[in-house]
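Copied from TrEMBL, the annotated features are:
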{"type": "COMPBIAS", "residues": "1-11", "note": "compositional bias 'Basic and acidic residues'"}
{"type": "COMPBIAS", "residues": "14-24", "note": "compositional bias 'Gly residues'"}
{"type": "COMPBIAS", "residues": "158-171", "note": "compositional bias 'Polar residues'"}
{"type": "DOMAIN", "residues": "37-100", "note": "domain 'DNA/RNA-binding protein Alba-like'"}
{"type": "REGION", "residues": "1-30", "note": "region 'Disordered'"}
{"type": "REGION", "residues": "143-199", "note": "region 'Disordered'"}
Amino acid sequence: MENFRKVRSEEAPVGGGAEGGGPGSSPFADLAPGAVHMRVKEGSKIRNLLAFATASMAQPATRAIVFSGCGRATTKTVTCVEILKRRLAGLHQVTRLRYRSVREVWQSLPPGPTPGRKPGEPAASLSVLKNVPSLAILLSKDALDPCQPGYQPPNSHPGPSSQPTAPTSKRSLGEPAAGEGSAKRLQPEPSAAEEDRTA
């Protein structure tokens, strides 16, 4: 593929089953009409996505939001959802994973002096069909059916103020850890300190 460059990438039409679906199809059939749909791309900025999502969910009319990402954007999709769940307590979650077919069109680079190729010949193109993972996550303020696959109940300890399970302390490499050696610093006895001052 070193002699080719990608010209375009488009979603290939697939049958309307649960696995495929077109670009506008949603894996959540019973979604409320006022739900916000966030399409996460590989180059999307997380802070921009979260600013819009947080402002949208702050409105009382918005009851649900869907984050969807495809290919390399799936990790960014999960990151956005986890941050939003920490910011807004009590969100129910349903996750759906499926595959989408993406057709990539590649065109050969401008020809240099290569043997066997005529100078006026048009550039060759190549079409590649890929199946890439696609992730859609629904966050809802309203209770969802806990029996459906991919359901997660709201976090019991939301927010960044939640305490870690084990206390951690910063220490240098030479100091003993908690429980190793004496935690009490040795101090000189008062009588010895007084003798040093008088002498």
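Note: Cβ is positioned from N, Cα and C throughout, glycine not excepted.
Looking only at the domain 'DNA/RNA-binding protein Alba-like' (37-100), the predicted model's pLDDT averages out at 93. Across the compositional bias 'Basic and acidic residues' (1-11), DSSP classifies residues as 0 helix, 8 strand, 3 coil.
When DSSP labels each residue, the domain 'DNA/RNA-binding protein Alba-like' (37-100) comes out as 30 helix, 20 strand, 14 coil, counted as helix, strand and coil in that order.
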